[in-house]
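Sharing a structure, written as structure tokens. Questions coming.
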Amino acid sequence: MASRPAASSPVEARAPVGGQEAGGPSAATQGEAAGAPLAHGHHVYCQRVNGVMVLSDKTPGSASYRISDNNFVQCGSNCTMIIDGDVVRGRPQDPGAAASPAPFVAVTNIGAGSDGGTAVVAFGGTPRRSAGTSTGTQTADVPTEALGGPPPPPRFTLGGGCCSCRDTRRRSAVFGGEGDPVGPAEFVSDDRSSDSDSDDSEDTDSETLSHASSDVSGGATYDDALDSDSSSDDSLQIDGPVCRPWSNDTAPLDVCPGTPGPGADAGGPSAVDPHAPTPEAGAGLAADPAVARDDAEGLSDPRPRLGTGTAYPVPLELTPENAEAVARFLGDAVNREPALMLEYFCRCAREETKRVPPRTFGSPPRLTEDDFGLLNYALVEMQRLCLDVPPVPPNAYMPYYLREYVTRLVNGFKPLVSRSARLYRILGVLVHLRIRTREASFEEWLRSKEVALDFGLTERLREHEAQLVILAQALDHYDCLIHSTPHTLVERGLQSALKYEEFYLKRFGGHYMESVFQMYTRIAGFLACRATRGMRHIALGREGSWWEMFKFFFHRLYDHQIVPSTPAMLNLGTRNYYTSSCYLVNPQATTNKATLRAITSNVSAILARNGGIGLCVQAFNDSGPGTASVMPALKVLDSLVAAHNKESARPTGACVYLEPWHTDVRAVLRMKGVLAGEEAQRCDNIFSALWMPDLFFKRLIRHLDGEKNVTWTLFDRDTSMSLADFHGEEFEKLYQHLEVMGFGEQIPIQELAYGIVRSAATTGSPFVMFKDAVNRHYIYDTQGAAIAGSNLCTEIVHPASKRSSGVCNLGSVNLARCVSRQTFDFGRLRDAVQACVLMVNIMIDSTLQPTPQCTRGNDNLRSMGIGMQGLHTACLKLGLDLESAEFQDLNKHIAEVMLLSAMKTSNALCVRGARPFNHFKRSMYRAGRFHWERFPDARPRYEGEWEMLRQSMMKHGLRNSQFVALMPTAASAQISDVSEGFAPLFTNLFSKVTRDGETLRPNTLLLKELERTFSGKRLLEVMDSLDAKQWSVAQALPCLEPTHPLRRFKTAFDYDQKLLIDLCADRAPYVDHSQSMTLYVTEKADGTLPASTLVRLLVHAYKRGLKTGMYYCKVRKATNSGVFGGDDNIVCMSCAL
């Protein structure tokens, strides 16, 4: 992918000019030799230099050049023309450099031919005066004769712009009409350099963040308000502002919608191309390219062109009367240019900014020039995609009507995002704009009873009002300048924006909504309030201030480098201090009455706080003739979960754990869905999990190897004695002794195995965990009091008893943000893990617990779960496949760095004076042993660091007992717009149907790769084929070469599941909790799924030593009717983050 020229070599990417290298003699010299005099020396080059040649027209008196390109179809209207002259070089000039008028460029003609196309590029200082153009924008004419006579009109236009693509395919009716000759520019362009969220450049966001707003009112900059902490080697080197600000004498909409601006990319994300450097504020403004095109073509357009100097018939004051008058003044022009009203809105907003007092917490929110500019950007981009955009209504300057207009746009165009990554981003921008229309003032937010901010946090925020106001202004401006950085928060995508709007942002005051800035201020501010002195030293290298710690957390949260769990996102900073995600309850109840008491008290209290629960019911084992079964108690639990979720905006759930020798195991396997025999036994709102001893799989393997009459024995409470309390060899000796004594009911082992896989394939559960592996690798010996269960999502390993419940607080790091220029940045990963460990320790210290048992579990072990999200996204950004040797090595490397960084940070807290967790002295850490040392195949690459940590750990201790837990990140991965957890993408086009309609979430990286590979009719055919094959590239394009880039875009169903199990096993030495590993299987062509498929996968997971053998089982139907993964009415939002 071509990138913007490096600051140190601005001519590096130029194509030859006039037969010379761009770094050679000036274009002025070449132009004179060709008889084409220029007022200034200008080099011209294309950002994508693949075969592009800029040639002198060699016409006496001409001020034009021709582009010769053998791959002009790929370049097309998105060819980023960059001028290297006195003002605009390969990068912005130093602020003190002398200014001169910037040239403009307009592509005026395209020639088609098998040997390449040509385009006339007209140069000028400022255009000649046209109707409606102010006297300040006059220029000398470009002689039509110099261009060899009037050229034919452009092949097609996009919203007033012109396109240079030769493609002659018919456009899909959904994008603009049956008779249009070509499709949307998105399908023609090469997104690699023009799209602001290109996969290779978005990793510069965190570096660009600190430079993004150098011209906020009052001289405030983002650097002043929030220093960037990134020190990556790939930081952009820029000498001036990233984007030219809209100064008081500069119209924000100089370029008509759909028309390329100076040096702009007609398919790019803004009127000013993000990759093309732009002149400093105050420099001569580039002319309207549409006027230049008229000059070059000799056309006479009677339509008035509205510029900075347009004289409106009413004052620059937004009132209903003035807005209606301007609408009448513009007349039919607003139908041709839907965003035309926005120029008036922008100029009025600019005038209002001059009148209003400086911003404070009490300042009422208002729509600013930046907000209208954001809307203009979105409308221009949609026009470039050939969408029929409705005009901006005259009353859209009012928040309510702007919200209605945005909703109309989003609902109307969201079905089309499956074909356009850019549209997916643009609709996300619009949703963020809709969120802004519901903002309240900071003062109203601080006082809100519904938000209920922590009192200490409120005081701190008031103490730092001036800094926070500057930061808010800087970020507002920064997010509106989305074309100044590859991938800002507002441009993460439609699903990300909707997730904020619908779930994470708090409602208050009837119709107000917490802003994204306020949400992250609440979280980061609270973390800064509760950070200890030791934490400040670790984070900042010195004690530091509250404001410095606030910046430390805010930057990493706002940039999605670290992501708190869902309870933390919703509750941190409020007086509702419940931030724990996972609870493990083992009431050890042996009777129906005791089990019901545990459910209605202990479990109900946790559900009331929206916690996800793993409940061990192994001890209640009285099923038999004339005795009670556990099923009536589970029916009560099922109803309790359903009742809690009915009124909850954040549904949760419970999972019951029992071992496979429990007499009720067969009933539990039949309690969900179509397998439930009678209604009294149906429990559709809870999950089940089997706590499998090694002995079961040893016998199952014997059966699979051909041994006959292999049996398994079920025991009740009276005969099972203490089987649940032992593991490993002790369990096997006791179990076999009971069999010899003749106790229990013997069944063929294949009968139970078949029941397990039948239930899993039909309902998605039971989940499967390996009891011996969990206990074998725990931090202390559990023989005689074996760990008996896990949490709702099977990734937490924690002891629980009648007196103490297991509790875990979660956070995750976004691995996709660690990819920098197709390189994985382990320094950034270490920084993110460190910040996440500090955040979770503050959560452990601050959180309330719903029961005394939970309080004991939280305080004694201080267990944390640091997870990951975006592993597959990072893999794709790096250009790798999960099957490649490079990725498999990276997979182990990432896991090791995460555990090492987490343990080093936890140890550093103890070095700084914090107490080790209460059970440290009985743990293996006291003896200097690590989790990975129990895995014979583990080969750590940081042996020196591990040895230093060992010595420090034995001397000072660890603040936490456990560290890494790889949970599903279903919710938070949506706001980050990355793949969930460590799993491959479930599908390349995710569809979610709600009462508001269907929302699609495409794999934008795949869409961009498709646009690089195909064009025209072939691209549309490929997308149709993907639709028919559930967006599986392997099925839709089976003829691709094995090394083709598109081969990387496999879904979870396309991968060999044994490979995914092996990847989990490779990470296992460095995952001291466990991993929520889902299995993805596909039916055979006849619609059947052999039981042996799942059985052999479970056996493989057992042999590889995993703790979790199967979280969900998801089955892809052979009939193209979708994917079944159990009951979709229950969604775990606790440890699913």
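Each residue, glycine too, has its Cβ placed from N, Cα and C.
So Swiss-Prot lists the following for this protein:
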- C793: active site, cysteine radical intermediate (ACT_SITE)
- T566, S581, C582, G612, N791, L792, C793, T794, E795, P968, T969, A970, A971, S972: substrate binding site (BINDING)
- 196-206: compositional bias 'Acidic residues' (COMPBIAS)
- 281-290: compositional bias 'Low complexity' (COMPBIAS)
- 1-32: region 'Disordered' (REGION)
- 124-159: region 'Disordered' (REGION)
- 173-315: region 'Disordered' (REGION)
- C582: site 'Important for hydrogen atom transfer' (SITE)
- C808: site 'Important for hydrogen atom transfer' (SITE)
- Y1111: site 'Important for electron transfer' (SITE)
- Y1112: site 'Important for electron transfer' (SITE)
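Have a look at these and tell me how they're positioned relative to everything else.
In this view, C793 (active site, cysteine radical intermediate) is surrounded by 31 other Cβ atoms within 10 Å of its Cβ, with every protein chain counted. Mapped onto three states, the DSSP output places C793 (active site, cysteine radical intermediate) in coil.
Within 10 Å of the C-beta of C582 (substrate binding site) there are 30 other C-beta atoms, taking all protein chains into account.
Counting every protein chain shown, the Cβ of C808 (site 'Important for hydrogen atom transfer') has 29 other Cβ atoms within 10 Å.
DSSP assigns Y1111 (site 'Important for electron transfer') to coil in the three-state reduction, outside any helix or strand.
Y1112 (site 'Important for electron transfer'): 21 other CB atoms within 10 A of its CB, across all protein chains.
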Hey, what's the Cβ neighbour count for Y1111 (site 'Important for electron transfer') at 10 Å?
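Summing over all protein chains shown, Y1111 (site 'Important for electron transfer') has 26 other Cβ atoms within 10 Å.
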I need the CA-to-CA distance for T969 (substrate binding site) versus Y1111 (site 'Important for electron transfer'), whole Å please.
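Here the two Cα atoms are 13 Å apart.
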Please state whether DSSP places T969 (substrate binding site) in a helix, a strand or coil.
coil
State the three-class DSSP label for T566 (substrate binding site), counting H, G and I as helix, E and B as strand, and everything else as coil.
helix
Can you tell me how spread out the substrate site is, meaning the largest CA to CA distance among T566, S581, C582, G612, N791, L792, C793, T794, E795, P968, T969, A970, A971, S972, in Å?
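Of all Cα pairs among the recorded substrate binders, the widest measures 19 Å.
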Sorry to bug you, but what's the C-alpha spacing from C808 (site 'Important for hydrogen atom transfer') to C582 (substrate binding site), rounded to the closest Å?
5
Between the binding-site residues N791, T969, where is the Cβ count within 10 Å the lowest?
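If we count Cβ atoms within 10 Å for the binding-site residues N791, T969, the smallest count is at T969.
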Tell me the Cα distance separating Y1112 (site 'Important for electron transfer') from E795 (substrate binding site), rounded to the nearest angstrom.
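The separation of the Cα atoms works out to 12 Å.
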Nearest to A971 (substrate binding site) by Cα distance: which of the recorded positions C793, C808, Y1111, Y1112 is it?
C793
State the count of C-beta atoms found within 10 angstroms of the C-beta of E795 (substrate binding site), not counting that atom itself.
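I count 29 other Cβ atoms within 10 Å of it.
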